[in-house]
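Undergrad: The following feature annotations were taken from Swiss-Prot:
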type	residues	note
SIGNAL	1-20	signal peptide
LIPID	C21	S-diacylglycerol cysteine
LIPID	C21	N-palmitoyl cysteine
DOMAIN	139-245	domain 'PpiC'
REGION	159-198	region 'Disordered'
Amino acid sequence: MKMINKLIVPVTASALLLGACGASATDSKENTLISSKAGDVTVADTMKKIGKDQIANASFTEMLNKILADKYKNKVNDKKIDEQIEKMQKQYGGKDKFKKALQQQGLTADKYKENLRTAAYHKELLSDKIKISDSEIKEDSKKASHILIKVKSKKSDKEGLDDKEAKQKAEEIQKEVSKDPSKFGEIAKKESMDTGSAKKDGELGYVLKGQTDKDFEKALFKLKDGEVSDVVKSSFGYHIIKADKPTDFNSEKQSLKEKLVDQKVQKNPKLLTDAYKDLLKEYDVDFKDRDIKSVVEDKILNPEKLKQGGAQGGQSGMSQ
């Protein structure tokens, strides 16, 4: 999810918090972490240095992950997670290169796998709370291919054509495609300036409403399966769009559903915070530290704060 960000505070902060819960950090030597002739370093000192917000974030994340693991451990398949990792390894050019990429992010292979598992738990939670029907998925998604002729944003750009030339070229291609739509892929491979999709005969896969340029989306969702559009102008240039037949809908349905759930959470973070609150109630969560409780309630479980910050403490520590 876009709203997921890395946790920069070590999880050991949670251990410090637990040591401070239910007691004053100055009324017991048990709360002294380090002693010296110059004075002691207590849990309270360390918490003050790190900051309550970060400790609340870390401890809430740790608690939430424990709850999610308990609730959804039987629904998450480790074999599928291993398959995800193998896929990533191939994308990075092998195990060693993937391992180096993880190290650059401060991750180990085990930690990465743990993050994937936690992400899967969150998906299960949101799937429980946000219901999306097959008809809604079909209404909000469209399988598409396109041919793009880029327009230069400035004369010095190496890629693309000036607006007039780009439009003229797109119109010529559209006429060619209209004569024989079965050659769309062949023409896309040869003419499209979107090199990523051109390699795949112009295929974009499934496009969701709200995911792309508004003019592109408007034109695409007007098309019937198999139809080809007129020339469409977008912020990227000129397109010829084809609505592909969704023959693989059933196999792609779950992935599309997860993306739509993600969109809903982006638009309305209250869906996520309400799901978290339900979990806290279900598992009788009791915050022993009033300050930590205040931070969690005011910031982590506050949908308005999530909108402003674009990140949730409860789903931190995940990198995919």
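Each position is counted from 1, following the chain as shown.
Glycine residues also receive a Cβ, built from the backbone N, Cα and C atoms like all the rest.
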Undergrad: So what's near the region 'Disordered' (159-198) in sequence-distant terms, Cβ-Cβ under 8 Å and 6+ beyond its ends?
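TA: Hits for the region 'Disordered' (159-198): 145-153, 204, 226, 228, 230-231, 233, 237-240, 242.
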Undergrad: For the domain 'PpiC' (139-245), what's the model's average pLDDT?
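TA: Computed over the domain 'PpiC' (139-245), the mean pLDDT is 96 on the 0 to 100 scale.
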